[in-house]
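Record features, source TrEMBL:
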type	residues	note
BINDING	B:M54, B:A202	substrate binding site
BINDING	B:R129, B:T175	ATP binding site
Amino acid sequence: MTFAENHTSITRQRPSELLALIRAEPPLVQCITNFVAMNIAANVLLAAGASPAMVGDAEEAGEFARIAGALTVNIGTLSPQMMEGARAAIAGAHEAGRPWVLDPVACQATAYRRAASAELAGLKPAIIRGNASEILSLAGEESHGQGVDGRDGVEAAETGARRLAAKTGAMVAVTGEIDLVTDGKRVARIGGGSSYMPMNTAMGCSLTGLCGAYAAVAVDPFDAAVGALAHFAVAGTRAHREARGPGSFASLFVDALHAVEPGDLEREAEVAT
Amino acid sequence: MTFAENHTSITRQRPSELLALIRAEPPLVQCITNFVAMNIAANVLLAAGASPAMVGDAEEAGEFARIAGALTVNIGTLSPQMMEGARAAIAGAHEAGRPWVLDPVACQATAYRRAASAELAGLKPAIIRGNASEILSLAGEESHGQGVDGRDGVEAAETGARRLAAKTGAMVAVTGEIDLVTDGKRVARIGGGSSYMPMNTAMGCSLTGLCGAYAAVAVDPFDAAVGALAHFAVAGTRAHREARGPGSFASLFVDALHAVEPGDLEREAEVAT
Amino acid sequence: MTFAENHTSITRQRPSELLALIRAEPPLVQCITNFVAMNIAANVLLAAGASPAMVGDAEEAGEFARIAGALTVNIGTLSPQMMEGARAAIAGAHEAGRPWVLDPVACQATAYRRAASAELAGLKPAIIRGNASEILSLAGEESHGQGVDGRDGVEAAETGARRLAAKTGAMVAVTGEIDLVTDGKRVARIGGGSSYMPMNTAMGCSLTGLCGAYAAVAVDPFDAAVGALAHFAVAGTRAHREARGPGSFASLFVDALHAVEPGDLEREAEVAT
């Protein structure tokens, strides 16, 4: 695959423009995420330039969603309490006209996850981000993934991703070696990243948080998903160069997310459309 | 602002003396803290020399508080369960005559947080630590903060901090670029730290934990707050020198918390009274 | 103490053989662990070569246990909800014929912990891993530990460990400066590791997770415990050489867990039988 430099044909706001907006006025991103991801997802958002808030209890999640710029919901450590909070927050986000992002972690693994992710996918998320196994399962197709790892390839998930986008109205982002974003018709592919990423837990969950930050400032959630994936991948590529293993990668990656400026994103993002 | 070397006029135990006590016999600090902070707060306490225990369920929080040296309560990921545990633990701490520290995270953000933080502030905490927006809100004054970030300056919060101290009987620590500690009459200011601190999630929550460690060994919670803030700031200043971004700062900071000896604290702490 | 190179007399599968099995086909390890440990435990398992899944809610924990290679249960942040999930998962693991590992964190600290850990120890764990204070308490002997730290020495716990193994049918792993594994009759000792380990929270919890990974591929849980402890200790020894404090140790340790190959484990493991 070759990566075209010019992807303005299908995007209205380039990753660099969106990053400049984030840095100019850090969006408040409400993250209902899992207990594994909470710390690193918050640090990823802070390093990127956004303002994360992990507010998820049903007592206040809806009220908070009305003051946040975007909401993200991740079912990694799914529970009835988490779902109650998510429902309240999603209602609040819709009321305030703010976008929300769904991360259906391991949605193929149990009956409880299949039901919860199907319910959430029906609540008009602006973006759904998952690995190929998750997207295939949510699209109603056969998946080979077990647990939280994605055994299916991104390319194999393209048809499912298009169908899921058409069914839900969401932008669907499938992440893996090469990432893919589709609204059912348009398709963008994002390269870069690092082989240490799958060895770091909650990388995908953190990327979902970053999709929320980009969605908060973007006009079109398609551009938001492409922007977040490009920023994440550029930082991953940079961190990989100096990393000596998955542990050292983790802190280099956070440094790189912060160091990447809009101009760097313009030059280094590998986006093909 | 200039920092005076001699602050013995208003403190009875200097930061260096308190650190020596912590290192000589690590105090057991019970932390009821949020899910974002639990890991880093525990590591901060361990590196500083204390013994953290994240015990918060109502089934055992009260019993545990009676064997701990101090208790800290942080409402970052507020929920009814968390509050039940906090109430039990606070009762246990009072029964055992041990100090407890309140961290009213984002208390200005929702009605639920305003009610919970007001309730907790009324339960005789020895120290309340927050950013300027949180302290202003808890003091009943106007705040400009949204979510968990503090948009208000520390200096702007001094009057509110004094009033909150007078109202609750707690030492109030307002942290920001320059930190401030007051009991309503005495005021100390602590300099140092790093611009990477606000880019690392749960730094404030971890500092609250450290206030608990210092409170466990101090006679006067005023000295405890000054000591904890000084130790934190000195480690932050040291880590900043070598950090290449917020990610590398995080591990350098933990290294520095451990490396700082009482004598270093004596020389490097920037405390003005 | 001297360490014998040849420990084949009492083990059937050496650490190196087990690590090769893990790397060849990453086992899915279900971890019901505490909120402090979730992130680092997942990263430790990923770096070692396994596939962790933090699935613990009663709604799905039993179903998931039937597809996982092994289960680990850690009571660090004990609660009624956690216990419900653990009971469901343990039943599922037994049904599927898969081993499970118990980590009785701070089981001596409160009445609630003593009851919960006694109940879990009666549910036929394949391995129980704890520090000396925890093992002594669970064995019904006097312990000097407070909170989560282990004030008792590993050697002092040998008799208790043997008795606990005989009583529960589990392999008992006592970790400290020198680790010990026993099934009540056989005893292995594992050296290595780092003095920075006790300064990093959730190291023991992460090791429990690794015991799960080794148990998933081993015939005999005795060999699994020895293998996991050896891998952990070798990585700790390596990381210690370059660490400048507990913070830098943490990422070097994850790098080392990943870098250690079966052949390295064969050469560097310090196992005495």
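Cβ coordinates are placed from backbone N, Cα and C, and glycine is handled just like the others.
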Nearest-integer angstrom distance between the alpha carbons (Cα) of B:A202 (substrate binding site) and B:T175 (ATP binding site): 13
Which same-chain residues, if any, lie at least 6 apart from B:R129 (ATP binding site) yet have Cβ under 8 Å of it: B:V101, B:L102, B:D103, B:V172, B:A173, B:V174, B:T175, B:G204, B:L207, B:T208, B:C211, B:A225
Binding-site residues (B:M54, B:R129, B:T175, B:A202) in Cβ proximity to chain A, threshold under 8 Å: B:A202
Where B:R129 (ATP binding site) sits in the secondary structure, as DSSP reduces it to three classes: strand
Filtered B:R129, B:T175, B:A202 - binding-site residues with C-beta under 8 A from chain C: none
Neighbourhood of B:M54 (substrate binding site), C-beta criterion under 8 angstroms, separation at least six: B:C31, B:I32, B:T33, B:M38, B:A41, B:A42
Surrounding CB atoms that lie within 10 Å of the CB of B:A202 (substrate binding site), all protein chains: 28
